[in-house]
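Peer 1: Mind having a look at this structure? Questions to follow.
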Amino acid sequence: IGPRACLLGLLALLVAGQCSYSPEPDQQLTLPPGWVSLGRADPEEELSLTFALKQQNVDRLSELVQAVSDPDSPRYVGGLHRFPPTSTLRQRPEPQVPGTTGLHLGVTPSVIRKRYNLTAQDVGSGATNNSQACAQFLEQYFHASDLAEFMRLFGGNFVHQAAVARVVGPQGRGRAGLEASLDVEYLMSAGANISTWVYSSPGRHESQEPFLQWLLLLSNESALPQVHTVSYGDDEDSLSGAYIQRVNVEFMKAAARGLTLLFASGDSGAGCWSVSGRHQFRPSFPASSPYVTTVGGTSFQNPFRITSEVVDYISGGGFSNVFPRPSYQEEAVASYLNSSPHLPPSSYFNASGRAYPDVAALSDGYWVVSNHVPIPWVSGTSASTPVFGGLLSLINEHRILRGHPPLGFLNPRLYKQRGAGLFDVTRGCHESCLNEEVEGQGFCSGPGWDPVTGWGTPNFPALLKTLIDP
C-alpha cells in the first residue's frame, strides 16, 4: 500500500471517529520550553488536521537556488522568471545630498522619501506587470477606508494608489488590526503606484501563524507578485523542528522561482530565554531562515530631525540555533565576529548559525491610520520591512523596463556587493537578557555587516544603481 493510500485511510478513520491516540502510561509527551499543558481538548472542539509528505530532492533544490541567485553563476537570472521584453528606462533627476533635511513630528511617507533620497519621479509607472504583496495573519485585517484616509493625509506629494488591487484569502470583518494597517500603508507608500496584493491567512499552526498555509498558496499560483513582505515571526524554539524545516523548503522553492521574500527581524533585540538554568539569546523564525531577506530596525539619531540613523534597541538580530551559516554570508559574519569589540559571551549564541538581519530601515515613530484614527509613534521592524520591500519593488520596476528579470532572492548578491547602495549604521546596540552577565545588551553595530542592522539602510539612488542590472 502506498503512502498516499495510507494517509487517506487514516484520515477516513479519524473523520469517522474510529481511531484515536493515547500515550502509554510510561510514555512522556515533551512540551516545547515555555509551553504549559492545559489538559485534553474538548470532544466538541474542531481541530485542523494537516498531513505532509516528506519533500524530495531538497539538496538539488538548494543547488538550484544558489545557481540562479549568485551573480557569479553562469545560470544567474535572479530566479526562474518569465519576464517582458526590453523597454525604455525612465530618467530620474539627480538625488539630493544625504544628511539633515528638516524637522518632523513622526515618520510619514514624506519623511521616508526624504531620508532615503526618493524624488517625485520614484514611483511605479503603471505600464508593467510589476506588483508587490504583504501577508496578514492572526486575524489581523486592514480596512480599505483606512488606506484611503492614510493616502489622503500623507500621500499628497507623490503619485500613488489608494486601493489594494487584490486580496487573496478571507478578509475578516470588525475592527482593523494595527499591524495589518501599518503593513499595507507603508508598502504602498514606499512602493508607490505599484499594484499591491494582500494575502490573508486565518487560523493558527501550533497556536501561531500558519506560515505553511500561506506558502503553499504561493506555490500553487502561477502568476503572483515579485516582492512579498511579512511582519510576523515566532521564537525558533516555539515551533517543532519538522515544521520549521518544511516551511524552509517552501522558502527555497520561492527563491528558486525568483521571488523576493522579506521578513521582520523581530522587536526583542537578541531575545532571551533560560536553558538548563543558563541564559541564552533567543533567535526568531522565519527571520533566521537562510532563504529570506531579513530586515532590522533603526531610529533617527535626533528623534525630531531627518538625520543619520542609529540602532533601534528593539531591532531583532542574532544567530540561528537551527540553520547553519550559509556560504553567501561566511566572509561578512566571520569579519564581524573577529573584529567586534563588544561581543557577548560565546555561550549566549550559536556563532556558526545563520546570522540575521541582512538589511534595515527606520522602525521608530510611525504614523498609521487604523479604524479611521491617525495613530502616532507606532514602532517595530513591522514598519521597516514593508518600507524596504516597497523600495525593492521600485527597483524591480526599473529592471523590468530594461527587460531584466526582477531581483529574486537577494541575499547572495547583497553579500557579494558588501552593502553597496546602503547607509552603514555603526552606532548603537540592541537589548537582550536583563542579568548581571550582559546587563540587557545584545550585539552592537559596527562598520560593514552586523547582527543588528545587517548591511544598513537604503540610499535609494545608490541602491538602484547597484541593483538595476544583472
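Backbone N, Cα and C atoms are what each Cβ position is placed from, and that goes for glycine too.
Here TrEMBL flags 1-21 as signal peptide. The annotation region 'Disordered' is assigned in TrEMBL to 82-104. Positions annotated as domain 'Peptidase S53' by TrEMBL: 106-470. Positions annotated as active site, charge relay system by TrEMBL: Glu179, Asp183, Ser382. As annotated by TrEMBL, Ca(2+) binding site applies to Asp424, Val425, Gly448, Asp450.
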Peer 1: Which active-site residues from the set Glu179, Asp183, Ser382 come within 10 angstroms of Val425 (Ca(2+) binding site), judged by C-alpha positions?
Peer 2: none
Peer 1: Work out how many Å separate Ser382 (active site, charge relay system) and Glu179 (active site, charge relay system) at their Cα atoms, rounded off.
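Peer 2: Rounded to the nearest whole number, the Cα-Cα distance is 7 Å.
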Peer 1: Centre the Cβ atoms of Asp424, Val425, Gly448, Asp450, go out 8 Å, and tell me which other residues of that chain have a Cβ in range of the Ca(2+) site.
Peer 2: Gly419, Thr426, Ser445, Gly446, Pro447, Trp449, Thr453, Gly454, Trp455, Gly456
Peer 1: Relative to the Cα of Glu179 (active site, charge relay system), which of the binding-site residues Asp424, Gly448, Asp450 have a Cα no more than 10 Å away?
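Peer 2: Those close enough: none at all.
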Peer 1: Near Gly448 (Ca(2+) binding site), which residues of its own chain have a C-beta under 8 A away, given they sit six or more steps off in sequence?
Peer 2: Ala332, Ser335, Tyr336, Arg418, Gly419, Asp424, Trp455
Peer 1: Can you tell me the CA-to-CA distance separating Asp450 (Ca(2+) binding site) and Asp183 (active site, charge relay system), as a whole number of Å?
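Peer 2: With distance taken Cα to Cα, Asp183 (active site, charge relay system) is 25 Å from Asp450 (Ca(2+) binding site).
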Peer 1: Return the count of C-beta atoms lying within 10 angstroms of the C-beta of Glu179 (active site, charge relay system), excluding that atom itself.
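Peer 2: Counting Cβ neighbours of Glu179 (active site, charge relay system) within 10 Å gives 22.
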Peer 1: Which chain-mates of Asp183 (active site, charge relay system) that are at least 6 residues away have a CB under 8 A from its CB, listed by sequence?
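Peer 2: Once residues fewer than 6 apart are set aside, Asp183 (active site, charge relay system) is near Cys134, Gln136, Phe142, Thr229, Ser231, Ser382, Thr385, Pro386.
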